[in-house]
Amino acid sequence: MIVTTAQLFQEAYGRYAVGAYNINNMEQALGLFQGHIEAQAPFIIQLSKGARKYANARVLEAIIRAVESEYPEAIFAVHLDHGDEQTCYDCIDSGFYSSVMIDASHETFAENVAITRRVVERAHAKGISVESELGMLGGVEEDIKVDEKHAMLTDPDEAQAFVEASGCDSLAVAIGTSHGAYKFAGSQGLHFDRIEAIQAALPGFPLVMHGSSSVPQSEVQRINAAGGALNPNAKGVDDSQFGRAAKLGVTKVNIDTDGRLVWTRVHREFFRDHPEGFDFRTPGKEYVKAYADFIVDKSRKLGSAGHLEEVRAAVM
Ligand code: G3H
Ligand code: 13P
Ligand code: ZN
């Protein structure tokens, strides 16, 4: 059952975070549903502009609808990740998406408010939720490159003013994370003092944490042992901190990179161990299982595991 992110957040806020996963293909869709049914967790499917271009937006929609028909008990939102204004309108008009993200965080505050306001009006007219972003994450974000040293944490007072003026339903905040595999050096990590200050300025309002992959050392090492050349210093978010962040209002946690690492590890190891192999269905099947296991583990760390029936009762 497709629900809005606002419906999911109403149940989750302050108790647990809902995992939001980027997918690009059939194997990821299968693993995502399997894992969430096993974990009995609600979830958010995120489709980026890149994914919509890679797999074709209609093909992605057909895959998700087909996989849902195999797992009719699943409860999830379909969300556009890092949309521009036109892509938001395309998704709102498609009748498939229950949530969109307008990312105008690179614009001035006033322009970000104005663009978000326009998207909110069109989305809310159709009962669709809107996520917006304020502040700048480090790293690479779609086609916008933000230099690490210019990454700006979200200002709590600005966040409060932004939400009030734009009418968005959730806000992506810059709290120390960045996209990709190389997030932190040394002892850097989440800025809990900033999350607390934003929650104090916006009590009860769902916050979104982008760039939340954990980049497990074990995955990086296995990929490199199987012929990869990832930077061994790659470091992500400590997922044992998801619970603390959730209590402070972080209600949506975005994960893409970790899923890519699972794919890369499974396929590199398979072809290393079977150099004669060329039937991609064998590692493909293994990947679906490995991605589903990964989802079960993440759902437990996010605290969303076991909440499926409670969410069903609330949204029915
Ligand atoms: O925030 C970006 C997501 O990881 C999506 O990545 O644009 O390569 O699909 P992508
Ligand atoms: P990661 O690169 O940490 O997986 O973040 C993904 C993300 O924020 C998608 O919007
Ligand atoms: Zn993101």
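Quick reminder: no glycine exception, Cβ is built from N, Cα and C everywhere.
What TrEMBL records for the Zn(2+) 1 site is His179, His210, and among His79, His82, His307 the residue it adds there is His82. In TrEMBL, the dihydroxyacetone phosphate site is described by Gly211, Ser212, Ser213, Asn254, Ile255, Asp256, Thr257, and among Gly180, Gly189, Gly284 the residue recorded at this site is Gly180.
Counting in whole angstrom, His210 (Zn(2+) 1 binding site) lies 5 from Asn254 (dihydroxyacetone phosphate binding site) by their C-alpha atoms. With a cut-off of under 6 Å between the Cβ and any atom of ligand 2, the binding-site residues Asp103, Gly211, Ile255 reduce to Gly211, Ile255. The local packing around Asp256 (dihydroxyacetone phosphate binding site), expressed as other Cβ atoms within 10 Å of its Cβ over all shown chains, amounts to 22. Rounded to a whole value, the Cα-Cα separation of Ser212 (dihydroxyacetone phosphate binding site) and His179 (Zn(2+) 1 binding site) is 8 Å.
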